[in-house]
Amino acid sequence: MTTDTSGRTGNPAAAAPAERFRYGFLKGNPQLTKNGELKHLLTIEGLPRAILNQILDTAEQFVSVTDREVKKVPLLRGKSVFNLFFENSTRTRTTFEIAAKRLSADVINLNINASSTSKGESLLDTINNLSAMHADLFVVRHASSGAPYLIAEHCAPHVHVINAGDGRHAHPTQGLLDMYTIRHYKRDFTKLRVAIVGDILHSRVARSDIHALTTLGVPEVRAIGPRTLLPGGLEQMGVRVFHNLDEGLRDVDVIIMLRLQNERMSGALLPSAQEYFKSWGLTPERLALAAPDAIVMHPGPMNRGVEIDSQVADGPQSVILNQVTFGIAVRMAVMGIVAGTSD
């Protein structure tokens, strides 16, 4: 991420295939208070296992709220949650809004195209003005890696920041809802083989998932994809790298498929979508190479016929829609935990 002194953020630089897996934003851990409590959620990287389990356990308690006649709890009553989405979103923005409302918060969705940012107002000036309106929590999605860190560093002390996806860097709540989904179906992380397939180079979800999986003790994490779409540094994380889909899928318990992020690519990294599907698309035949009870996941949006066949996406081993459902409870848990923390 590039910033000028006013806090304007620029687009991330185009990635090279050998881009390192880790980003260098963390100085200490700005997400935690001096007492080790979660004040902001900016990335899964660097968070202890205890905090990840705290979030997953809290989400477990909120899942039942969905089944109630009155789908509300008063945990954030009187709090103001601002959704600041500088990038398009369907699932993430909607589930954050639902989650905040189920916690009884007041929710403000900032229309970026109609806001003063479209008139040249800097990111920090926007944040300072919203803080002056006594915001309690910012949910931020931004095209620039590191933008939520900038906001957390400069916002008022009482304000909490949740990263809803920043560039290629991180998507921590997606990573957490993926972990919740895996735990729901598989229970024990320490006996699993998990495969992440596709455009890992440009995927903030893949980065968050890998940090979460390794922190939670998954013994074998596999990254599967063409050489042009895998970042450097995966092996140093303990990840097994495969450049052949059939080999990488053998006997895995969990398959996480990723879409091609064409909007973040520069240059011709791949052949056509049809050719990609032939080599890297998850078909029923390829799914049969995995464990018989393997589950199939996808963070969305899906591109059917590119990275996944419709028979798999809609089949009995797919838990893709369950991920969306669980995402509400996980985001309720994250907001409830960070908003209840003070320095």
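Just so you know, glycine gets a Cβ as well, placed from its N, Cα and C.
In sequence order, Gly300, Pro301, Val324, Gly327 constitute the residues six or more apart from Arg91 (carbamoyl phosphate binding site) in its chain with CB-CB distances below 8 Å. Among the features that Swiss-Prot reports, carbamoyl phosphate binding site is placed at Arg91, Thr92, Arg141, His171, Gln174, Gly300, Pro301, with the record citing sequence analysis.
Here Swiss-Prot flags Lys119, Arg204, Arg259 as L-aspartate binding site, drawing on sequence analysis. Taken residue by residue with DSSP, Arg204 (L-aspartate binding site) is part of a helix. For Arg204 (L-aspartate binding site), the same-chain residues that are 6 or more apart in sequence and have a Cβ closer than 8 Å to its Cβ are Gly165, Asp166, Gly167, Arg168, His169, Ala170, His171, Gln174.
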- Non-site residues, in chain order, whose CB comes within 8 A of the mean position of the CB atoms of Arg91, Thr92, Arg141, His171, Gln174, Gly300, Pro301 at carbamoyl phosphate: Ser89, Thr90, Ala164, Gly165, Val205, Pro299
- Item | Arg259 (L-aspartate binding site) and Thr92 (carbamoyl phosphate binding site), Cα-Cα, nearest whole angstrom | 16
- Other C-beta atoms that fall within 10 angstroms of the C-beta of Gly300 (carbamoyl phosphate binding site): 17
- What count of other C-beta atoms do you get within 10 angstroms of the C-beta of His171 (carbamoyl phosphate binding site), across all chains shown? 26
